[in-house]
Amino acid sequence: MVYWIIIMLTFLIDQFSKFLIEKHFPLGYSEEMLKHLLWLTYVQNTGGAFSILEGKQFIFIVVSIILIISLFWLLIFKKLSNQTKLAIALILGGALGNLFDRIFRGYVVDFIDIKIIPVFNIADTCITIGVFVLALELLKEGRGELLQKKGI
C-alpha cells in the first residue's frame, strides 16, 4: 500500500511543480536560487535525458508505456525486498510524470538547473534515485550470491 502512495505522491508533486513553473514563468526564464549552486531555469524538453532523440516523442511514449507496465507487473506479482519496491515506486512515479507531460503537453517541463548537467525536474530526480537504489540492491544480491558460491 505504501508504495502506491509513493507513486502517487511522486507523480502529484512532480506535476504540481511543473504547473507552477508554467503558470508563473516564461519559457527560458532563469534565476539563481542558491548562489553558484542552483538555478530555476524553465525549458521544454522534447527529447530524453540530455535531450537525446529530440522531437521523437512517439518513441519515448512507447518505451515509457512498456517500462511502466513492466514495473507495475514486477511490483504486483514478484516477491521483492522493501528497498526494491521503493526503488520501483520512485521510478514509476517519475516515469508517469514525464509520460503525462509527453502525452498532454508534447514536451517535458524541466526547471532544476545545477549547470554541470542539463536542466531536469522532480520526476527525473525520482527516477535517478530509484535506479540508484535498484542498482545497489542488485549489487547487494549479486554479492550475496557470490559469497554463497564461495562458501563464505
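Keep in mind that glycine also has a Cβ here, set from the backbone N, Cα and C atoms.
Please treat TrEMBL annotations as automatic predictions, because they have not gone through curation.
Taken from TrEMBL, the feature active site applies to ASP110 (among others). Cβ neighbours within 10 Å of ASP110 (active site), excluding its own Cβ and spanning all shown chains: 23. DSSP assigns ASP110 (active site) to a strand in the three-state reduction.
In this structure, ASP124 (active site) is part of a helix by DSSP. If you look up TrEMBL, you'll see ASP124 (among others) marked as active site.
Residues annotated as transmembrane segment in TrEMBL: 58-77 (among others).
Residues annotated as transmembrane segment in TrEMBL: 86-104 (among others).
Positions annotated as transmembrane segment by TrEMBL: 116-139 (among others).
Packing against the transmembrane segment (86-104) from elsewhere in the chain are residues 3-4, 6-11, 14-15, 18, 57, 60-61, 64-65, 67-68, 71-72, 74-75, 80, 121-127, 129-134, 137: each is 6 or more residues past its ends and has a CB under 8 Å from a CB in it.
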